[in-house]
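According to TrEMBL:
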| type | residues | note |
| --- | --- | --- |
| ACT_SITE | CYS380 | active site, nucleophile |
| BINDING | CYS230, ALA231, ALA232, PRO233, GLY234, ASN235, LYS236, ASP254, ASP301 | S-adenosyl-L-methionine binding site |
| COMPBIAS | 512-526 | compositional bias 'Basic residues' |
| COMPBIAS | 528-538 | compositional bias 'Low complexity' |
| COMPBIAS | 544-558 | compositional bias 'Acidic residues' |
| DOMAIN | 124-467 | domain 'SAM-dependent MTase RsmB/NOP-type' |
| REGION | 489-558 | region 'Disordered' |
Amino acid sequence: MNFYKQAADILDRLGKKEGSIKGLTLGNAEVTDKKRMYAVICETLKHNTTLSLVLQESKLLALEKKLTRSLALLLLHDLLMQNRGIQASDAWPMKQAVMRHKARLKAEFVKAKIKVGAKKDGLIEGEDELLLPRYVRVNLLMKTPQQVIDAFIADGWTFLPEPPSPPAPPPANTFHRDEHLDFMLVFPPKSDLHLHPLYVSGVLILQDKASCFPAAILAPPKNAYVIDGCAAPGNKTSQLAMGMGNGGKIIACDLDLRRLNILKRLTTKAGCTNITALNTSFLTLDTTTPDNSKVSHILLDPSCSGSGIINRLDHLVDAYAEEQEQATILETTTTGGAAERAAAEEKKKERLLSLGEFQVECVSKAMTFPNVRKISYSTCSIYAEENEHVVTTLLKKHWPTWKLTPRAKVLPTWHRRGNPSEVCDIPGLVSTDEDRAKIADCVVRAVPGGPEGDLMNGFFVACFERVGKSSLPGLSPVWKGPSIGGVKRAHEEADEMDDTTTEAATEGSSPAKKKKKNKKKKKKKSTAVEAGDSASAAGGVGGEGDEVEDDEASGDDE
């Protein structure tokens, strides 16, 4: 098959969500020149905004009826953005169809770049600012952060005792420890560590910083019974196992068997021994079985718009599919005007609404497990429809049985919280601006990119906890920012209470036995503090503690 026709077929399949970029290129037995195919697909998707504008303004598809949209985008990319031009015979009719309009297309390309603020290579203005640091999670099941730091120093890297100020990616050949997550190291953008012995052996896990937040916030005790409800490809799952020291039990659910197999491979490589993988939907789990009645903690990172992901191939596909839908609406009308654009925008709103309803369904399901005490909910979305709106909908449905975990136990030193203006009224709980501020203060947001962003992907996390007999169901005061040391102690005390409760439920411990166990825990904890890794070992605040970015095939940066 002609290379461009095969590439167009892959773009069409991506637009229909029939596969991943790597799966349809590098993993496709029918593709002979896999690297070239992967590159042209990725580059066409990256520059889709500019190329689509050229296509629209030149009216190329109307003038050349035999050209499909996907094929035209690929040919435009090579004509306008590659020195070698279109790599096909001059006798090929599709190449001729494009070359007949070469002068017009180049003129429209110049105008399109100005309109979208693009540089000479077609990238949108400021895109180089979106280069994120390379975040690396140290697998505490295998080594301590200090051991890894020493290994990189021995390799010739320079360790920075403090992060750059103002916040920025570290300079070339330097790295530092993350200021919020003690088990995370931060390297310069595009640092390729895939062949490093520590990565190959499972000591290093390449994972975006924001993706570490949910497991760090959930922070299940070592003997907990945990469900990761939307688990694949598994970086959050392995982080849970790390925080639990391979104790307790983790049930990892995912309906996609291919991605679940990636999870099995990655968690095995990471040395996780407390994980059972289930090829099933979280929504179909029976909450009444003896095993599921033991569940105390649930991590949910359900399907979302992916709008916060700025350097992940999947997001390119999502953006392309959405733009193709809108382009189809505009190209099948005579006006291409405001009414059609409004219809496209309405379709986007409907999609967000549908995603939000699914997300509410997932968390509501988690709240039906009889003994679950804590649930983390997260998205890689920037939209309030999937974030604050979902949280307030859940509180309307389930408060006062469930409430938001206060900021003191939800990454208290993280600066960016929820948006109060997106918090809806909740009868009996939220009615004033002060109430909305208190709700927003309990949740975590990360703004994608930089310099105004947080040098990571966009993310949102909320944590719900069941209201006990002695607990207050109302709102906590807005966080005032006490010392980090005080926060650690409060968080650790809460974890010890979790340990005690779980032991009593799963082992029937007598009060005398529990006291002895707590004494042992305190002794171990003080030893860990002396080693400087207590918070990171628990996957919690003050060191803190993971998903998907640039290597879908291996599951890196999940």
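Cβ atoms are placed via backbone N, Cα and C, with glycine included.
Here the recorded positions are GLY234, CYS380, and the one ringed by the most other CB atoms within 10 angstroms is GLY234. For GLY234 (S-adenosyl-L-methionine binding site) paired with the residue listed as 'active site, nucleophile', the C-alpha to C-alpha distance reads 16 Å. Mean pLDDT for the domain 'SAM-dependent MTase RsmB/NOP-type' (124-467) in the predicted structure: 91. Put simply, CYS380 (active site, nucleophile) is 13 Å from LYS236 (S-adenosyl-L-methionine binding site) when counted between their Cα atoms.
Neighbour density for LYS236 (S-adenosyl-L-methionine binding site): within 10 A of its CB lie 29 other CB atoms from the protein chains shown. For the binding site of S-adenosyl-L-methionine, formed by CYS230, ALA231, ALA232, PRO233, GLY234, ASN235, LYS236, ASP254, ASP301 according to the record, the largest Cα to Cα distance is 13 Å, rounded to a whole number.
With respect to their backbone Cα atoms, ALA232 (S-adenosyl-L-methionine binding site) and the residue listed as 'active site, nucleophile' stand 15 Å from each other.
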